[in-house]
């Protein structure tokens with residue numbers, strides 16, 4: 001890959017978070033301007049209803065139980081359903097407060113932001129006998145602290161030096177060091193669970209997920225860049241590279257594995273739970289750190305996903321070894337994928353999938369955790385909706401990319417549903433059963449870190465003006481800085497396209513390595529240049545002859561999977 005492509009991603013990031021901010025609100029139809037202001041205030045009210053009730057009824061414990069007006073120390077209770085061996089005299093880690101820090105900045109509440117930081121500086125301690133999930137603690141606590149430190153020292157939000165002296169970074173480094181024993185395995189892949197005081201416990205399970213051990217690089221990499229100590233990034237990077245080396249010949253990875261033996265446990269895979277954030281972090285790590293190997297891994301993985309998981313606008317699961325479909329199901333976590341595709345530049349494919357997720361949302365009022373595509377029914381035991389943010393996240397990205405007001409209507413529908421079905425007197429409750437809208441006594445911290453944040457940004461993107469951020473999988477913003485790049489990007493160009501200098505002409509380049517979806521031709525001064533689709537998978541044979549569907553690729557124009565006809569030719573024979 002030529003050198004200029006490293007800069008293309010940062011250029012495209014500006015497309016998403018700078019150029020896409022045009023046209024300004026003043027240029028929009030006055031009806032939509034008024035609607036955006038109204039919806040912004042509704043989301044603001046949602047956030048503070050959740051936040052203030054947490055502070056009254058649950059703080060400093062981890063999360064609010066809004067129906068009983070009590071709390072749960074979920075960080076230590078996660079994976080310990082019998083609630084045995086919990087830390088003594090433990091008051092939680094103020095998880096929801098940490099998760100709310102960047103949201104407070106985005107909402108413009110610097111007073112509460114400063115107050116929260118000062119409390120954490122004086123009271124938060126990690127030297128506790130608590131067994132926690134490494135992945136969840138990384139994306140929620142470490143990510144929240146690192147992001148808030150950056151926001152607190154950013155010239156736009158800088159706190160007075162007399163009150164803030166890098167206390168959050170000190171806490172983040174203390175937590176990061178407590179993560180490191182998890183990586184002391186024969187493979188370098190980290191254990192899924194770590195005791196914050198004592199390290200890896202005796203007889204700890206060696207089973208983990210692909211996302212759990214391969215989605216640590218943003219937070220730990222940022223910690224290394226901020227502290228100057230490479231140990232955190234090095235540990236996370238080694239895990240990513242080891243995991244990638246375990247892929248199948250189809251460039252697919254399984255869902256669960258053993259960190260001691262390096263053997264796969266579950267070979268069925270998809271873009272949902274257990275794998276989702278691994279794909280996300282490959283791409284975002286390339287943007288944040290400029291490493292070419294992240295891009296090479298992501299490109300191979302992305303094309304494999306399009307080839308083996310995609311069926312029309314849906315994504316099923318498949319065996320990593322054969323590519324054969326295993327489970328035909330939609331999971332709520334998959335709804336992040338269209339947002340990632342926006343960053344990739346695959347807008348048409350993102351829109352197609354997003355509309356299908358929203359159709360399921362409209363059918364039930366919220367998005368069920370698991371929906372069986374082959375039976376067109378909800379999974380009998382996974383009927384819940386825990387206030388997940390993924391559909392709101394993708395809606396935000398697609399609106400930024402297209403400025404189509406239809407996505408604001410989607411956001412309005414999400415806000416309406418949350419207020420109808422999940423809002424209670426003392427916060428927002430998860431939905432236990434989407435068919436009856438029976439509630440569950442839990443307000444997850446990600447409701448404030450992500451769900452409310454993405455909905456607010458959908459209607460008011462002021463925070464992003466003249467800024468260049470990516471968001472972690474938990475919704476915490478990290479700035480794209482040239483100082484963090486291995487290779488400095490070329491000049492930022494505020495346009496929907498970047499231009500790369502060729503020997504004879506300037507080539508029009510998309511964010512997917514000169515690929516966009518659907519296929520189109522660019523009219524240039526020198527003539528017409530064909531631009532290939534990002535989702536295009538060529539047929540095995542150039543004459544398009546075939547014996548089975550496996551020899552057929554993905555159509556460049558429609559992004560639909562081609563199949564083998566009875567006459568032995570690849571084409572769009574199936575009606576999807």
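Here the Cβ of each residue, glycine as well, is placed from N, Cα and C on the backbone.
Residues annotated as active site, proton donor in TrEMBL: 136, 369. Annotation comment: TrEMBL describes 276, 390 as active site. Under the heading Ca(2+) binding site, TrEMBL lists 473. The signal peptide feature in TrEMBL is assigned to 1-26.
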For each of 136, 369, 390, count the other CB atoms within 10 A of its CB; which of these active-site residues has the top count?
390
Using a 10 Å radius around its CB, how many other CB atoms surround residue 473 (Ca(2+) binding site)?
25
With every protein chain in view, how many other Cβ atoms are within 10 Å of the Cβ of residue 276 (active site)?
24
What Cα-Cα separation, expressed in whole Å, is found between residue 276 (active site) and residue 390 (active site)?
11
Between residue 369 (active site, proton donor) and residue 390 (active site), how far is it from one CA atom to the other, in Å?
11
